[in-house]
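Take a look at this one; I'll ask things after.
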Amino acid sequence: MDEDEIEKAVVAYLKKKGFKQTELAFQEEQQLNNNNNNNNSANSQIDPDITKKILSFSEFETGPERYQEEYSKLRSWAYSSLDLYKHELLRVLYPVFIHCFMELVAKGHLQEARAFFNSYREDHEMTHLRDLQKLEGVLSPSHLEEMEFAHSIRMSKVNIKMCQYSYDLLLQYLHKSESITMLGIINERINFQVSPGQPGSISDDAEVVTLVASGHDASLINQKEVHWGLLEDSLEERIEKTGGSVPDAEKFDGDPKEGEVEENKKKSVEGGKQGAPLKKLKKDKVGVATGKSSRTESSTVTTAPRVKPELALPAIPAEVELSILEDLRNRVQLSNASLPSVSFYTFVNTHNGLNCASISHDGSLVAGGFSDSSLKVWDMAKLGQQTGPSILQGETDSSSNEHGLGSNGGKRCYTLLQGHSGPVYSASFSPYGDFLLSSSSDSTIRLWSTRLNANLVCYKGHNYPVWDVQFSPAGHYFASSSHDRTARIWSMDRIQPLRIMAGHLSDVDCVQWHANCNYIATGSSDKTVRLWDVQSGDCVRIFIGHRGMILSLAMSSDGRYMASGDEDGTVMMWDLSSGRCITPLVGHSSCVWSLAFSGEGSLLASGSADCTVKLWDVTTSTKAPLKEENKSGSNNRLRSLKTLPTKATPVYALRFSRRNLLFAAGAFSKSA
């Protein structure tokens, strides 16, 4: 074949790619070679294989049909490969599929791109439905830049883990089949993390492909040290030092404290809102476990290291401290053989208006945030004072000035708190129940006094809806998360945030404090969880592995473990010190909206949109993988102790009291 033809093909390719300096260098080199080889040009011959490879670049670059053809061949090859390596090779298909689609769009082949997308989307809907729904909106090259999700994918590499042999098989196929287009995409868009030995387990698939990358950043960040222990001189430590023993008579006198609350919850509660029929709240008793006994603090708490607080923490009032110590002394020890009693609050007749629910630490107060911008608080101790007929009638007026409990002739059995100008998305009680925080789509956070039934402060700082707000375990400080992709740390006495945590690539949907108040965790729509140091504002951990947006977080009582729940129903348990996923907890069939660890950290409760509460054995889940590190990961998923179904009530909120009674809340849904 003529050398001039090959030279033209190479120059055309370099021009097309915009490699100007390489093009100039190549032309200079060709001129030197031509001058040197004028006398012996007859002896210069080019290997036909090399010629074929060079020309293939120029021939195949132009046609959009190459994407469809080569991807189809790669897909068929991956599905027909040996079972031992198939699951690793199939990991390549999704990122290649996404980038083929986006390259077709970028080159202006919109019809071909849409046909390609529709042809193969079914392969990936099971695990990547949310991503596909977002990319469906990419209809022109400009959308690739304007759409944040698409832009972030094109600007970063995908990380894929596979064994050496699978990697060699893939390269061998790409070269033998001359899949130049696929080879280019894989080289440019995928970062392989190749490991020696046998292929990994299929159960690890959630962690091996991270589409919106920052994989290198995550590995660097996760090397930072995390001090996960409990605070020095905490109340738990005092109980431990004193032995936690109290006379039997004192235990008997103390126990009815929650029993009375549970008895009060048998009454119906109205959940009405302006201009709508009454709503009521009723207790739906889910399950009671027997054989529980009072004991001192669990060994999981006592063995935790002690750390110093990074924030100036408020002093605990003496009477509150005594009450908490009494609760801790009378805490019921839970285990896989001794499950908690559950008290369930059901909101009815909410007409899909309830967005969130929150329960105080002792279960005596329940708050609901509504779409009509109202916040309503029920006091369980006062429900018994209401008469049946007056609760159920006469709440169709829309008076806006009735903030007091039992106003309007005693008919109202809740406290109505008004101030927000948009739907209320989150509510959080202070540790002692004297304050309540709420966040809204109006981009503000409001602090309410449960004693005065009044708004005290309006905190402004976020620019978009605030999805979640949570009081710290010590009170005074709180954290918020927003659509503006940031989380912020606040204190009650300042109207401006103390820290702004920025780094997530999408909405920050939920936030949770660490037990020692030195860290907060944030869950995002970018499918990652981040751990932040509240003093420096730095990200110290990135947890990658979820396939859907993260909707709920919980920290263990000793501060070592964290649980996260996503929209697909998966719960993941993480070790904060290593940043690794200990075990995925699989069982829910819909969004996990709430998570809560028991007081001593032996159990995890999860509440879901599938209308169930599940109890998980944390002790087994965290210890088993250490023994089975080198085995296939299927066994470590089966950690569910019990599933507690509701009639038709998605679970919005969970809370373990200090005595280990589990409270739950949700809105009855006919569609559920």
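Positions of Cβ are set from backbone N, Cα and C atoms, glycine also.
Relevant sequence annotations retrieved from TrEMBL are reproduced here:
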type     : residues : note
DOMAIN   : 62-190   : domain 'TFIID subunit TAF5 NTD2'
REGION   : 241-277  : region 'Disordered'
COMPBIAS : 248-270  : compositional bias 'Basic and acidic residues'
REPEAT   : 347-380  : repeat 'WD'
REPEAT   : 417-451  : repeat 'WD'
REPEAT   : 459-500  : repeat 'WD'
REPEAT   : 501-542  : repeat 'WD'
REPEAT   : 543-584  : repeat 'WD'
REPEAT   : 585-626  : repeat 'WD'
State, in range form, which of 347-380, 459-500, 501-542, 543-584, 585-626 has the highest count of Cβ pairs under 8 Å to the repeat 'WD' (417-451).
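By Cβ pairs under 8 Å, 347-380 leads among 347-380, 459-500, 501-542, 543-584, 585-626.
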Take the domain 'TFIID subunit TAF5 NTD2' (62-190) and average the pLDDT across it for me.
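A mean pLDDT of 87 is what the model gives the domain 'TFIID subunit TAF5 NTD2' (62-190).
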Go through the chain and flag residues at least 6 beyond the ends of the repeat 'WD' (501-542) whose CB is under 8 A from any CB in it; none is fine as an answer.
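Distant Cβ neighbours of the repeat 'WD' (501-542) are 148-149, 152, 211-212, 214, 217-218, 221-222, 224-231, 307, 309-311, 313, 467-474, 477, 479-483, 485-489, 548-559, 562, 564, 566, 574, 576, 579.
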What are the helix, strand and coil residue counts for the repeat 'WD' (347-380) according to DSSP?
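Output for the repeat 'WD' (347-380) reads 1 helix, 20 strand, 13 coil.
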Below 8 angstroms Cβ to Cβ, which residues of this chain, lying six or more residues outside the repeat 'WD' (585-626), approach it?
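Distant contacts of the repeat 'WD' (585-626): 286, 297-298, 300-301, 328, 331, 333-336, 339-340, 342, 344, 551-558, 561, 563-573, 575, 633, 635-637, 639-660, 662, 664, 666, 672.
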From the DSSP assignment alone, can you count helix, strand and coil residues within the repeat 'WD' (459-500)?
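Tallied per class, the repeat 'WD' (459-500) gives 0 helix, 22 strand, 20 coil.
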If you run through the repeat 'WD' (417-451) with DSSP, how many residues end up as helix, strand and coil?
0 helix, 20 strand, 15 coil
